[in-house]
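Reviewing the structure listed below.
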């Protein structure tokens, strides 16, 4: 196989062909901003208390039926208990006045046997209000969230194999699967069905993500760096920032999901994205690859040579091929360690609650990532990948180690650390995707990215349970911070890829140091 970058150097680094493909590919990532985060609103738990049934009670006893409790130093109504209804009903019938004739705090309490009453100040309905996912069942909301990450894990493994049947085909199949999964999820008749469909949403979404990233093979070196930093992640942020305003206008969870599903129609123009000539060549399909490159030359207004590519032998590769070579196995394991994104979710779970509107809070959370993407775009053009990635992993891991030792009285310091940590992890994510794509050869790129992404999903699934299943508040963050910093050290065993051509074959990858 020849050198693809040398064979297509006549196309230049920019031009109408590259810019059109750049923007069409980037629009895919708007959907990932929508569908990866709507659980924030769909799974929100409004203020609630035990439902007071229509029984014969005086107004005084009706108002006193719900006990008060102290939460974080604030006196609030209990969300999971009420005074025993039979006792209160008898006291009301006998004419006793609560607080005067009876000390209500001494009364026996019971669970919310008649269900709950939910505030509709913010949300008309969520999965919490529909299936009463509160009190003893509140664990079902984070479990539902984890099914999305399980879907990411499954999709990472599957898409790595499927995309070698055609990069473009898998992008469109995944978009269709995501649209259908979200739509079916809006018709869920139970929490179990919601979780099952969420798994399919996750699998299809990560498949879109990986396949679209690999399809950047069609771009030039310059455009590829721009895409995998400022482009893809910035368009993800556009979806992330748009989501709260859609949710603000649609407060009913089923309607919200149906509308998000319908937005997939905007991706129909993506069919004009060409298949990857680089991949076609690895499959021995020169007769299909050459017309695509000639069309690119026509759009860029340059003249293509009479013979662009030489004949090459084709070979199909699988995950096992990644592990066959000692060199490749080493690189893969390093990428897997580096992909432990448990730190990002650990930091997210510890983020201080912002006061005010939840829709605005979500918007602000998204906007904090924009500066990181802009800065990473500039740095990746000039700085070595290894040093950059290690630096920002250390920043993120350092925050995880320090933040738990900040006294409650210094919340402004904790908030500043949290934002610094989020900046570090966001930078690391934007760097690691292009770094991984540059390390693997064309014949193994999609499979390799799929395996590394699978390792990242294990961290996503694990993070909530590390937080909630321990009795020590500090230990989880020491563990996650240590893992993140350790991955920054291991990162130095990877080859540097700055200003180097993408490897086409396994042999070229093994030569990289």
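Glycine too: its Cβ is placed from the backbone N, Cα and C atoms.
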Annotated transmembrane segment segment (source TrEMBL; candidates 122-142, 143-163, 227-247): 227-247
Of 303-323, 366-386, 387-407, the range TrEMBL labels transmembrane segment: 387-407
Annotated transmembrane segment segment (source TrEMBL; candidates 453-473, 474-494): 474-494
TrEMBL annotation of transmembrane segment - which of the ranges 253-273, 274-294, 421-441 it falls on: 253-273
Contact set, same chain, for the transmembrane segment (387-407): CB under 8 Å, 6 or more residues outside the stretch: 338, 343-344, 346-347, 350, 376, 379-380, 413-414, 417-418, 420-421, 423-425, 427-428, 431-432, 435, 473-474, 477-478, 480-485, 487-489, 491-492
Local confidence of the prediction over the domain 'Major facilitator superfamily (MFS) profile' (87-499), expressed as mean pLDDT: 77
